[in-house]
Amino acid sequence: MESHGSSFSGLDSYFRALAQTPARLARRACSVSTSHEEMSQVKARSGSVMQRTLRWYDLVGFGIGGMVGAGVFVITGHASRLRAGPSVVISYAIAGLCALLSSFCYTEFAVDMPVAGGAFSYLRITFGEFAAFLTGANLLMDYVMSNAAVARGFTAYLGSAIGISKSKWRLVIHGLPDGFNEIDTFAVLVVLAITLIICYSTRESSLVNMVLTILHILFIGFVILMGFWKGDWKNFTQPANPNNPSGFFPFGAPGVFNGAAMVYLSYIGYDAVSTLAEEVHNPVKDIPIGVSGSVIIVTILYCLMAASMSMLLPYDMIDADAPFSAAFRGESDGWQWVSNVIGMGASFGILTSLLVAMLGQARYLCVIGRSNVVPAWFARVPPKDINAC
């Protein structure tokens, strides 16, 4: 891999590089890096090194926090009502196995090349710079857009939990088209607060994530216990409408696999942990435990959540959009408060998934800066003991 001067050092350099785009693209499109180059000269472009302060339990916390967001509270309902029925429990187990196998791939790369680039760096050493550029650009757009949507989702869940309409959180800008004229000021503040935490230190970011993740798991445990307590085992096999398919596998084996394809989205997030490889104390030991361990724990939690939901209601009565909270909202014997607790728990899950995603976004941008695709100052690591790029 050849070394290139920065195209962003000045306007003259930028326009000169722009004119040379066809020649540079032809030269660099299939140019591949090596693990040694990524670990030495490419990494050195950041100046100071990132501090290795993370242990396996930090990675487990980041993995759980990144995966267990509010999505599971919705996707489970869709998969059960429309695809798998009570066998959604098996769907989650199958999707978890697939996620675990995928996590092994990330683990192998991260152990062999513990740098902050994640998928971007892995593609540079296998398929070349052009494939890495396309992937990096898509990852950054995905993080920016999804983080904005997740932050707005946090205010919606929090407002629902405390009884405040989400419209009260938002500032309406008159003159803009409907649907594009609402600014969620609270979501902006949440993003800024998480940004400050991330910029302060990765170690402190891990502590904040650990606290929020533990709180979220407690809420999930509460949901599971309430489901098994208030639920009925017959709901695993008997639908509310006798004309609908019955049994644990009402839609057969195709329904189980269709459900697995749908709920796999709930496992997205473990890949962001690989971007923290450069800050792990002992990559050979900590990364496999952190990445794979978090997927296994999340799979168990998801299967228990799916089982508790299937016990609460027959599959053909489940609200596809809000299965857990709607199940208790319809109770007439004083259990409506449980839906508010579920909304609060989902809010904690949104915060942890947002924090982990923003950590991954910063590290992707850092390593992309090292490759001179974006201005090199994105790759700079402060000389003091601050781990954010």
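Numbers here mean position along the shown chain, with the first residue as 1.
Glycine is no exception: its Cβ is also placed from the backbone N, Cα and C atoms.
TrEMBL labels come from automatic prediction, so no person has curated them.
In TrEMBL this protein carries:
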- 56-77: transmembrane segment (TRANSMEM)
- 89-109: transmembrane segment (TRANSMEM)
- 121-141: transmembrane segment (TRANSMEM)
- 183-200: transmembrane segment (TRANSMEM)
- 207-229: transmembrane segment (TRANSMEM)
- 249-270: transmembrane segment (TRANSMEM)
- 291-315: transmembrane segment (TRANSMEM)
- 335-360: transmembrane segment (TRANSMEM)
Among 89-109, 121-141, 207-229, 249-270, 291-315, stretch most in contact with the transmembrane segment (335-360) (C-beta, under 8 angstroms): 207-229
The transmembrane segment (89-109) versus listed stretches 183-200, 207-229, 249-270: most Cβ pairs under 8 Å: 249-270
